[in-house]
Amino acid sequence: MSTLKTEADPAAGNPQSSSKRNISKEPKPGELVAFGSAQSVFDLQNVTMNTLLLQILNMVLHINPVLVGGLLTVRSFVDAITDPLMGHVTDSTRTRWGRRRPYILVGGILTAVVMVAMWQFDRNWDHQTIANYMGVAIVMLAIATTVQNVSYGALTFEMSPSYHGRTRVQVYRAYCQKVLGLANPWWMPIAMLPLFGDGLTGMRSLSFLFATIMVLVSVACFKFCHERTELLPLERSDDRGFVADVLSPIGKFFVGIWSTITNIHFAKVTMIYMTLLFLLGVFQAYGSYLTIYYLFDGDLLKGSAFHGGAGTLGAVFGFLAIPFASMLSRRYEKHIALKICITCMAFGSASNYWFYQPDYPWLLYLAQPFYSIGIAALFVLLGSLFNDVIDVDDLKNGVRREGLFSATSGFFMKLAGSAAGLCTGLVLNYTRFDAALGGDQPEGTYQKLLFLYSFGPVALLLICIALLWRYPLTEKRISEIQTQLHERNERAGSV
């Protein structure tokens, strides 16, 4: 059993108690900045896997995009095992530094090391050998990222106990993400700069920069962030025998996974997350291909730089979206605010069909405001919804399982990202796109890509709106649940 309190109970016998006596009820700005910055460990890994991997291996080395997409599915198989296991491990951990922070530190450092190592292959190897090397590296990266990201996701749920405080945590996290988001569109143009000689050498240099950032933000999160979930000691029994001691946690592990994935509220929020990540993974990749090959006739440096400018403009509008999302959340219910943001995103996506014009490439920039505002606000609000789901689960099952929820949702999100990578390669082959041909692609290729890029996301966003139909976890309902949790925990504490 656990309680969600703001002050420690030294009598609980909890190794974390003594370190929590001076923790404020709500996180202060400095702590929130340290917390939000640690998101960059996953984001840098994510932009590497879902964007740069395809661009470097396909555009620069001309490896078949289906083979590249297949590499991403390897990560899903690894995550299927490691994500829920790591969630169980971090939920069951008790240390003087908390349940989450030690893993955030170790996982961040391991991710940094693998990030550098994965790009050290010889470009003269044949394509299959390169793919084999990258497959091993991706497995190692998946494990390292799981250690960091599952624990970080669980910490997200423990930063604030209040309904609107949770949105505030997501707002700071989103601001930190958008700072990195200003740079994300420029990694490919930077890698293609003449000073590096070629894109692969440029990517190797960038990997050292990524690794440095990962280590710094992991240390900052470990040092300055705090968990605000107060825990009772783990149940132990000295007279039940060795076999029971081993099997009991395993049984609880699988029961926990089942109750997590069968939670209808969790399923809805996760489905929305998966849909968004899938459409971003598939259709966003087409945006860079259309810009480089359709608008700029296959000029990698010029096309990627122009696309980077559009991405930076989108990140600026993303900054504006964060207070917009916070305002909508306070003024309306979170699920209503989500519907508004989804509509903005759909409008911006559809407008791409008319704004991609080779004679007027600057029109591309006009599509950014609505789409960028919608997507930035969406992730702020969705993260806050997850906290509410955990309260519902706690009331039903009598235990807080932030780690398991983080792991399970993280697995499904990575599954969506991996599926997106595979689908991207399949669709590129379907349209008969060939990177070796430069801008001179077969007839109909660009028209198919542009149609899918513009209207594919709209269809998926309609699914997200349907999932929010009659969403029951309103502010009033969450307030009632938290009151019941408080009363239950007070009764437990008085026994």
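Glycine too: its Cβ is placed from the backbone N, Cα and C atoms.
The region 'Disordered' annotation in TrEMBL covers 1-28.
Marked as transmembrane segment by TrEMBL: 103-121 (among others).
According to TrEMBL, the transmembrane segment annotation covers 133-155 (among others). Residues of the same chain lying 6 or more positions beyond the ends of the transmembrane segment (133-155) and with a Cβ under 8 Å from any Cβ of it are 35, 38-39, 41-42, 45, 49, 53, 57, 71-72, 74-75, 78-79, 82-83, 86-87, 90-91, 99-101, 103-104, 106-108, 110-111, 113-115, 117-118, 121, 125, 218, 221, 225, 227, 402-403, 405-407, 409-410, 414.
Look at TrEMBL and you will find 175-196 (among others) tagged as transmembrane segment.
Long-range contacts of the transmembrane segment (208-226) within its own chain (CB-CB distance under 8 A, at least 6 residues past either end) are made by residues 20, 23, 27, 30-31, 34-35, 37-38, 40-41, 44, 48, 97-98, 101-102, 104-105, 107-109, 111-113, 115-116, 148, 152, 155, 159. Per TrEMBL, transmembrane segment is recorded for 208-226 (among others).
Residues 50-51, 54-55, 59, 188, 302-304, 306-307, 310, 338, 349, 352, 356-358, 361, 364, 375, 378-379, 382, 409, 412-413, 415-417, 419-421, 423-424, 427-428, 433, 438-439, 441, 446, 449-450, 452-453, 456-457, 460-461, 463-464, 467-468 of the same chain lie 6 or more positions beyond the ends of the transmembrane segment (272-296) yet place their CB under 8 Å from a CB of it. Taken from TrEMBL, the feature transmembrane segment applies to 272-296 (among others).
Residues 164, 167-168, 171, 174-175, 178, 181-182, 184-186, 188-189, 291, 336-337, 340-341, 364-365, 368-369, 371-378, 380-381, 384 of the same chain sit 6 or more residues outside the transmembrane segment (308-329) yet have a Cβ under 8 Å from a Cβ within it. Per TrEMBL, transmembrane segment is recorded for 308-329 (among others).
Feature annotation from TrEMBL assigns transmembrane segment to 336-356 (among others). Here the transmembrane segment (336-356) has Cβ contacts under 8 Å with residues 272, 283, 287, 290, 294-295, 321, 325, 328-329, 363-364, 366-375, 377-378, 381-382, 385, 450-451, 453-455, 457-458, 461-462, 464-465, 468 of the same chain, all six or more residues outside its ends.
Residues or ranges marked as transmembrane segment by TrEMBL: 362-390 (among others).
Through the fold, the transmembrane segment (411-430) approaches residues 46, 49-50, 53-54, 58, 64-76, 79-80, 83-84, 142, 270, 273-275, 277-282, 285-286, 289, 448, 452 of its own chain, all at least 6 residues removed from its boundaries and within a Cβ separation under 8 Å. Residues annotated as transmembrane segment in TrEMBL: 411-430 (among others).
As annotated by TrEMBL, transmembrane segment applies to 450-469 (among others). When Cβ-Cβ distances below 8 Å are used as the criterion, the transmembrane segment (450-469) is approached by residues 268, 271-272, 275-276, 278-279, 282-283, 286-287, 290, 294, 335, 338-339, 342-343, 345-346, 349-353, 356, 427 of the same chain, each at least six residues removed from its ends.
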